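Q: Provided herewith is a single structure, encoded as structure tokens, for subsequent inquiry.
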Amino acid sequence: MEEILKTLPQHTCSWLKHKIIMYKYQDFWTSKQLLEGTLMAQQSFKAEPSDVFLCSAPKTGTTWLKALAFAIVTRENFDESTSPLLKKLVHECVPFLERQVEEIEHNRESSSLPLVATHLPYASLPESVIASNCRMVYIYRNIKDVIVSNYHFLREAFKLSMEDAPFEETFEDFYNGNSSYGPYWDHILGYRKASLDMPDKILFLKYEDLKSEPISNVKRLAEFIGYPFSNDEEKAGVIENIINMCSFENLSSLEVNKTRKPKGGMLENRLYYRKGQDGDWKNYFTNEMKEKIDKIMDEKLSGTGLILK
């Protein structure tokens with residue numbers, strides 16, 4: 001591993017007091033630990049046609065998408081009063097490809113859960129994922145809110161105050177493309193192109209649309225991953241029950257998400273639940289920052305039909 005690292009470009013996050021060194025592998029930035037997991041997944045993971053991949057860049061709605069998808073596919077076994085989501089962090093319910101290849105394989109033997117989560121760019125997914133023709137769901141979000149969410153998540157993870165970790169520096173990292181699994185625009189573009197080529201295999205979900213029109217988008221999600229709601233379920237309010245159970249307000253209020261850490265984990269569960277709001281960036285961005293990031297996103301996403309403002 002050390003020999004591989006020596007050949008890769010490096011970036012040190014100065015705003016985190018040099019506590020993170022990122023390496024550029026296959027045109028995206030990642031940590032040493034996640035690179036090790038990425039290499040293992042690329043070399044050994046065998047996808048199945050029945051798999052459903054939940055794909056995202058960090059801090060774009062991953063936790064929410066996982067919760068909704070898990071509740072949808074397990075609703076025959078659990079309801080809003082018995083779901084494992086009420087007792088475990090959602091990331092313990094849906095395995096993460098870059099860390100849990102063996103657990104994913106074990107799940108196939110012990111349960112029928114088809115869900116796998118990943119932050120990998122489309123071009124860096126294991127070849128078996130593309131070859132298997134399995135379905136993927138990609139969630140994306142306004143980059144300005146992504147920057148703010150990422151800032152607070154990492155700042156609190158490393159126990160730094162806002163004075164110790166200037167927001168201006170994390171903004172510059174993102175603007176220059178030096179973010180985890182970034183550049184962010186490249187991450188979006190990779191999945192966007194693939195979704196246009198294979199619309200029946202890749203569902204594009206916008207975080208803000210999921211917030212503003214949850215019922216129609218949760219129905220869309222369920223149909224796409226092969227677990228559509230029946231007319232009886234719709235009449236019985238099953239969709240609304242799932243939305244309420246998986247809401248930020250509900251999950252963030254659970255004791256498990258206030259005080260605990262996942263088994264073997266270092267981060268407190270509460271770090272995954274900060275605000276769950278749109279537009280918090282307005283409390284952090286200067287006009288100059290807004291203009292800079294809007295300009296580069298307009299340039300990068302030109303012609304894609306995507307709007308992230």
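Backbone N, Cα and C atoms are what each Cβ position is placed from, and that goes for glycine too.
According to Swiss-Prot, the protein has these features:
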- His119: active site, proton acceptor (ACT_SITE)
- Lys59, Thr60, Gly61, Thr62, Thr63, Trp64, Arg141, Ser149, Tyr207, Arg274, Lys275, Gly276: 3'-phosphoadenylyl sulfate binding site (BINDING)
Q: To the nearest Å, how far is the Cα of Arg141 (3'-phosphoadenylyl sulfate binding site) from the Cα of His119 (active site, proton acceptor)?
A: 14
Q: Look up Tyr207 (3'-phosphoadenylyl sulfate binding site) in the DSSP assignment and reduce it to helix, strand or coil.
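A: Assignment for Tyr207 (3'-phosphoadenylyl sulfate binding site) reads helix.
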Q: Does anything in the same chain, at least 6 positions from Tyr207 (3'-phosphoadenylyl sulfate binding site), have a Cβ under 8 Å from its Cβ, and if so what?
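A: Tyr207 (3'-phosphoadenylyl sulfate binding site) has long-range Cβ partners Thr60, Gly61, Trp64, Ile139, Tyr140, Arg141, Asn142, Asp145, Asp278.
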Q: Between Lys59 (3'-phosphoadenylyl sulfate binding site) and His119 (active site, proton acceptor), find the distance joining the two CA atoms and give it rounded to the nearest Å.
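A: Between the alpha carbons of Lys59 (3'-phosphoadenylyl sulfate binding site) and His119 (active site, proton acceptor) there are 10 Å.
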Q: Using all protein chains in view, find how many other C-beta atoms are within 10 Å of the C-beta of His119 (active site, proton acceptor).
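A: The answer is 22 other Cβ atoms.
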Q: Whole-number Å only: compute the distance from the Cα of Thr63 (3'-phosphoadenylyl sulfate binding site) to the Cα of His119 (active site, proton acceptor).
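A: Checking the Cα atoms of Thr63 (3'-phosphoadenylyl sulfate binding site) and His119 (active site, proton acceptor) gives a distance of 12 Å.
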